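These features come from TrEMBL:
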type     : residues              : note
SIGNAL   : 1-19                  : signal peptide
BINDING  : Asp59                 : Zn(2+) binding site
BINDING  : Asp59, His170, Thr172 : Mg(2+) binding site
ACT_SITE : Ser109                : active site, phosphoserine intermediate
REGION   : 188-212               : region 'Disordered'
Amino acid sequence: MESKRATVFLLLALSSCRAKVEEENPEYWRSQARDTLQSVLDRKLNTNVAKNILFFLGDGMGITTYTAARILKGQLQNQTGEETVMTMDTFPNVGLAKTYSVDFQIADSAATATAYLCGVKTNLNTIGVSAAARNGACKTQKGNEVTSILKWAKDAGKSVGIVTTTRVQHATPATSYAHSASRKWYSDADMPEAAKRTAAPTSPPSCSTTPT
């Protein structure tokens with residue numbers, strides 16, 4: 001019985017992967033390519049001045065996650081998935097940002113947010129500081145702060161704001177306004193004693209997530 005079920009499942013899997021008739025014709029794909037290229041050539045550039053700029057961030061949303069979302073969307077519509085067009089696929093301009101931490105192979109939200117919001121690569125777990133600041137070392141924070149795109153806009157006389165579905169001090173939103181040698185220091189009370197002792201002796205320790 002189990003063997004029959006496995007055979008039926010295999011047949012279903014093979015049938016679901018079978019190409020549509022038009023997909024077997026090379027001209028089908030070339031025609032699509034020509035139409036796509038022509039639509040780009042016919043596009044009229046928007047030369048207006050933008051009133052607002054919205055920066056939407058899907059935390060952890062890299063190319064692989066985006067591809068998985070495209071396939072899921074298509075399969076929920078009874079398609080195979082890969083051919084599905086996402087809204088972002090229709091944007092007139094799309095770019096890629098390479099985000100990583102300087103000192104660790106696998107980056108976290110703090111280091112990557114510093115990369116795309118401040119334009120500077122930094123160390124793991126650090127927020128709004130350069131790579132000269134060390135993770136968890138309070139004394140390395142001062143003087144190594146970097147500003148974000150929100151600060152640049154504010155200095156230019158623009159109004160800025162943050163909308164988040166997590167805590168406003170969380171690594172991703174915090175990088176837009178704060179500087180901290182550790183994403184875990186939401187206040188001085190969160191700092192370990194060793195870190196507090198590395199603060200300047202002439203002033204109280206203050207290496208928590210502080211605004212610009």
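Backbone N, Cα and C define each Cβ position, glycine as well.
Please treat TrEMBL annotations as automatic predictions, because they have not gone through curation.
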Fewest other CB within 10 angstroms, which one of the recorded positions Asp59, Ser109, His170, Thr172?
Asp59
If you take the centroid of the Cβ atoms of Asp59, His170, Thr172, the listed Mg(2+) site, which other residues of that chain have their Cβ within 8 Å of it?
Leu57, Ser109, Ala113, Thr164, Thr166, Ala171, Pro173
